[in-house]
Amino acid sequence: MSTEYEPVIGLEIHVQLKTRTKMFCGCELSFGEEPNTRTCPICLGLPGTLPVTNAQAVQYGIMMGLALGCEIAPRSIFHRKNYFYPDLAKGYQISQYDIPLCLGGRLGDVRIHRIHLEEDAAKLVHVGASGRIHGSEASVVDYNRGGTPLAEIVTEPDLRSAEQARDWLQLLRETLRQLGVSDVNMEEGSLRCDANVSIRPKGTHALGTKTELKNMNSFRYVMQGINAEIARQTALLESGESVTQETLHFDPVSGRISSLRSKEEAHDYRYFPEPDLVPIVPTPEMMAAAEAAIPELPADREARYESDFGIPTDTAHLFAYEPTWGTYFERVAVEGNRDAKAAAIWVTELRTRLGADADPHKSAVVPAQLAALAALVAAKKVTAGSARTVLDKMVETGDHPDRIAEAEGLTVMEDSGELSQIVAKVISENPDVVEKVRGGNAKAMGALVGPIMRETKGRADGGEVNRLLREQLGV
Amino acid sequence: MIELTAKQAADAIRSGDLDANEYFEFYRQRAASDPYNSYTWVAEKAPEIDTRKPFAGVPIAIKDLFCTEGIPSQAGSKILEDYRPPYTATSVDRLTTHAGGTLLGKTNQDEFAMGSSTENSAYGPTLNPWDTSRVPGGSSGGSAAVVAGATAPWSIGTDTGGSIRQPAALTGIVGLKPTYGAISRYGMIAFASSLDQAGPFTRDVTDSAMLLSAMVGADPCDQTSLGLPEPVRIPTANDLKGIRLGVPEELAGEGIEDGVLKAFNDTLELAKSLGATVETTHLPHAPHGLAAYYLIAPAECSSNLARYDGVRYGFRKSGASTLIDMYTQTREAGFGAEVKRRIMLGTYALSSGYYDAYYGRAQKVRTLISQDFKNAWDKFDFIVTPTAPGVAFELGSKTADPLAMYLNDFCTVPMSLAGIPAISIPNGLSEGLPVGFQIAGPAFSENRILDAALALEKAIGFDASKAYA
């Protein structure tokens, strides 16, 4: 019998902060400008220059810490991480080491170990056919990115599957996006994820040897990479070999994992306290400003929608991750005397029409009118099908649903005599179906509903149609 | 014109008694024909002079490691050969743009300020104007020699462990190292960031106060800069009434040359006659200052000098086929022996497994030395010592023995580690060569130090003109 293994996963996430300027100089952040146009003597590491800490980055760091329930250090310091590489203008990266800005914390079911601030490296561009360093004709450096503020978030090893890791990373991404501290775009590199992966026999507690999987630049790759590494480690252990602690690269094209050969192999970063900078000592004013800048976050919003509004988890999740729609939903629910389930359904319908990225507050459909539409359906004055047609018109014209339903003749037929005649007509036109139904196949009756709805242009109430059919067919 | 102090010249220019262009040209010509190799660059002509500014028309010489826009700033190193920065250091900008001083030239120095003799310069050694077979001290030897040799009325340098005070002592002029943080370090090519501090070289104490007053100030470009709590005053004291001087046995006895010690003791008697009390005291951890300094400073320099890799600016050795070869060949050819020695020392001191034993322990010693001084301020206004253990030594006499060279900083390093201000004033001659007297005070006590220094300067009556007359 083979042993069943349990994966143990921790994540290290680098987040590019959306400040106006770089971490330690006044250069504006770069978004695809010409290479080396967003640079100055400081971020180029010219002789004699000194760093100055970006106050906005510190505030974003404190906001992240508060949002994730961390303790904000009363005094944290920067260290120098020393290594030679052309992407590092000074020969060291200014980072935080043993006294980071934020310690402890939690998001969902994953504990946060720490959050610290640092500066990003520049970008190496390898000139040549492949675009990779091996076989390139030359490597050139674009310092635009050098010095961009980064926050590094390190989790405890609390994740137990690749899927869980992906879902949690999505929650973190949404939380950071709504905090407004980062663009959190994995493809563009403003959110980067490394994973520490180990496995152990299920039921045991000792941690296995971990490997570090680098820079997977999409949620899919995070999941694929971790799964591939779990499979690799499982195969190793099952064949009696052991896992080596190393840094690995996941190639999403081949699905293969390879040992990373680069600066990461480097060994001794000779950390020491950065003598050019003073400690970060958050004042009560800084803490209050950070606190005040934090909006309601997705995990809280989702829980509130479920408990206060009683809407289904999926919808609550959707509105929590798209807070503009969430806020709109709340207004519709309030306008509709808190018939929140109906409000959720019609807000979701509106979202399908406008698109998830649209701002419903700017659309022609005001919350009170969407609530009125839900009320029409609840009162059985229009059918659900007709209401969709009414909504199409509302999006187009901004008219009140009552008026649209009236003008378009979409109100439910109140005269059951007229409906009764239509039912009789359809029965008479479909003798073969009628035969099946009378022969005991009740389901065949459904074939008559469609033509009836067509005849009534969708204005008939489904329940009433069924009742009349049964009555007239005598079943 | 040569007899005028900088203050006298500035006053004469503003009152119209002295022509600014004529004065500048006088020094420009002296600088251009400087016989001591004190300059690495000299201005070709006077810039436009705005005579409304306080230092209008007064030429100033700047240590090579201060960045000056478009002007070579090589820090005495081949690796920065003909490097012309795109910006000017804050302290230099204050002296020129704001105070109206005129940049006369860049002065020679030990490479990246590492040395005590200005022999570690890629641009040749600077000679001592008192005796050209001897060194002017270092690392700011060029800035000391231009004032002693009167090829500039005044100059600025930097002091990391004694690099202003020791050369001032060895060339018979006044050198002041201010409180760490009084003057912005922005634009000073870094040696050891937690110790580096700019300061003035002048013929007398009054000029020192005047030059300092224009350099100090907090700078948004340097988070560690604080300025001074009160403006620097032109000192006026004539005596030392009520002043308590502490003489630390550890820094004013064993290891100090007889002639230096005699001059020091003579001046203590003078101080008493001016009203001071003089008492022997102890700075028990001060003798460990050199050991701590030679771990902390190299550790910081090993990191500060990592940027000189040939990638972006400065010297690059051609012909390397790989990145690592380019790095190593560039640094091998671009750095001198002392710089390499300290980079290796510092790299070792910061290495994983050694950090606590070396860098960590040195920082603890630094804290203890700071505490020694704090304890001293309970009993004394100032701590006084000889500035350097000996007089100017012969060129080449200590280059083969780094430890003997390092001992030059024995009396000056403790103040650097504690971040406190200290001044060296000329204290007569020994064997015909200048000797320095050091006065150190608590952080931000520059005004009081300058007053005490002025009173002693008047009493000592040193004649600096011998070196240039």
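A Cβ is built for glycine as well, from the same backbone N, Cα and C atoms used for every other residue.
The domain 'Amidase' annotation in TrEMBL covers B:45-450. The active site, charge relay system annotation in TrEMBL covers B:Lys63, B:Ser139. Per TrEMBL, active site, acyl-ester intermediate is recorded for B:Ser163.
The structure, with features from TrEMBL marked on it.
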| residue | record | DSSP (3 states) |
| --- | --- | --- |
| B:Lys63 | active site, charge relay system | strand |
| B:Ser139 | active site, charge relay system | coil |
| B:Ser163 | active site, acyl-ester intermediate | coil |
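B:Lys63 (active site, charge relay system) sits 11 Å from B:Ser163 (active site, acyl-ester intermediate), taking the CA atoms of both as reference points.
Straight-line distance linking the Cα atoms of B:Ser139 (active site, charge relay system) and the residue listed as 'active site, acyl-ester intermediate', rounded to a whole number, equals 5 Å. Looking at the domain 'Amidase' (B:45-450) alone, the prediction's average pLDDT is 97. With a cut-off of 8 Å between CB atoms and residues at least 6 apart in sequence, the same chain places B:Asp110, B:Ala113, B:Ser116, B:Gly138, B:Ser139, B:Ser140, B:Gly157 near the residue listed as 'active site, acyl-ester intermediate', listed in sequence order.
In the structure as shown, the Cβ atom of B:Lys63 (active site, charge relay system) sits within 10 Å of 33 other Cβ atoms.
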